[in-house]
């Protein structure tokens, strides 16, 4: 039982990280209908900045973290302001290719700036910090990941429901032209979405790096694992990204924990495909994902 | 009427054809002078031999592996050139950035194939295997910077060093026969790709030969970032010795996760699983310092072997910014074999690709200055495995390369028996 609970705890923590990364995808897509393929590299840049701030510039972790967030927010805002704003009305495929371009540029900048070697990640915790309950180790970093995700989700809920900018974002997502007619500055909404997404994704990356201990320029690939989470949750659904992330995290870790008990033909590497199997299964039943908006067109 | 679109298409076709034309321009059929037959990449008038290097010079693999190995290769031949060359012939290089991508490797190979006599360095199992059929068709020898066992079955690919599979077998020979641990509870954690499968094959052979008590064989995906499930399995299995066929970042996370879960087996690292950079991770340093690394060759700075002093001099002279690095040493050692092939072919009066191949098959033994044990080559797959020995190292932050040997150079029973 302790074994199972340990996996559930690890899976939930892992799922929260996917949820945070997925939230970044969803917020941008919801606001601007753009799938940002540079999300992984925003995470990479933020994590490297935090690591450098702690290890090279000797800043406390609690100062380094906002610095990392600030850097990625600025990158997100600049990209939105200087590039994407000029692409409004262009085909989605063009915009998608531009985000891939940003992805490559950011990764190259990291390699040029920090080199391609493995470097230590910034962590505020000792490896063993945490406590044991009934044979299950509850690590500090995992507990913080769970806590941060819950608090962030509550904050986002409040933001979207009860603040002026949150309502503006929801209105823009619902109908851009109607939002414009109501006096909402859609450009500001886009900028806000990019800044918010960059910050949340970076937070996910920093929490992931705390567990990894070391990072390298491939670290941004973590965003790819979050992708099935947002698809099955519903690409335009913020709550879907969270639920999808937790489902993917749990199934992936639980499958990895039990796959060796299956015959080798089926079991080896099963956890690698489980997220995609679940995604396909859910999409077959609900083509717009668990919480995605169903598009109705009048013909 | 010629449209703009047609003109544009013509220009595109011309641009696309330029590399091919350039390749053809550089190609040369066999020629001879003074009794010496020469193939592509050999200029008998200028007395130069051009070799290719296909290595990542950009991307994540470049800094830790690609560039140090290429530097090692170049340092060796810069020294040769400064001391008169090979029978008066100077060696020069055409270097191509493959970014560790099989597709790019093929593209770059095709660009230089008519301009080089052989490939002096091709990094990575998958990139190298992407060009194996092209190399075979061109009769091009390729010195491969990978220890994949599968190389032994390819007659134009040159394996330098003990394959991964035999590294695993030697590691458990050390546990059973050198340390005297009978039926130890063992496990392997491996990444789910060709490299991991090579380690797994060696592990299974070791289980059979040394009667290991195999309690777990656990895999992970290259992109995995959380290893709790894998480590929980290892812990539940009770394995006392865990072999890791991993890469450095995964090594760090796995060992840290195990420590978090209160699991501290004897970790044994396949040679690519360790990087001195791991010792720069403060929280990891005390944990990984208990680990062993199975590899081979002299430790950096060990001047008791004859080739070390020369290598250190060449590194200081040609690449002064190069830090102590086992990969630089590998590239330097690898070049002893390339040099031996070129020298023998030249002595035979045949610097064509077929001449090089005949020289390679008849090399018998190559002394690598003690940087690696002497390599032996022949014509069958078993004979193309140049060495079967290993050294077990303890991770040690006080050493220049982060490891110190805790065993002598040895070949275990399983490694002696393995067939390829």
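Cβ atoms here come from the backbone N, Cα and C positions, even for glycine.
The model shown is predicted, which means the values in this text are computed figures rather than measured ones.
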Candidate ranges A:95-115, A:116-136 [criterion: TrEMBL lists as transmembrane segment]: A:95-115
Residues flagged as transmembrane segment in TrEMBL, choosing from A:35-52, A:143-160: A:143-160
Beyond the flanks of the transmembrane segment (A:143-160) by at least 6 residues, Cβ under 8 Å: 12-13, 16-17, 19-20, 23, 125, 130, 166-167, 169-170, 200, 203, 207, 210, 238-239, 242
Positions on the same chain near the transmembrane segment (A:262-285), where near means CB under 8 A and six or more residues out: 225, 228-229, 231-232, 247-248, 251-253, 255-256
Paired segments the transmembrane segment (A:222-250) and the transmembrane segment (A:6-29) in contact, 3+ CB pairs under 8 A: yes
For the transmembrane segment (A:6-29), sequence-distant contacts whose Cβ falls under 8 Å of one of its Cβ atoms, 6 or more beyond its ends: 35-36, 39-40, 42-43, 135-138, 141-143, 145-146, 148-149, 152-153, 156, 193-194, 196-198, 200-201, 203-205, 207-208, 222-223, 225-227, 229-230, 233, 235-238, 240-254, 257
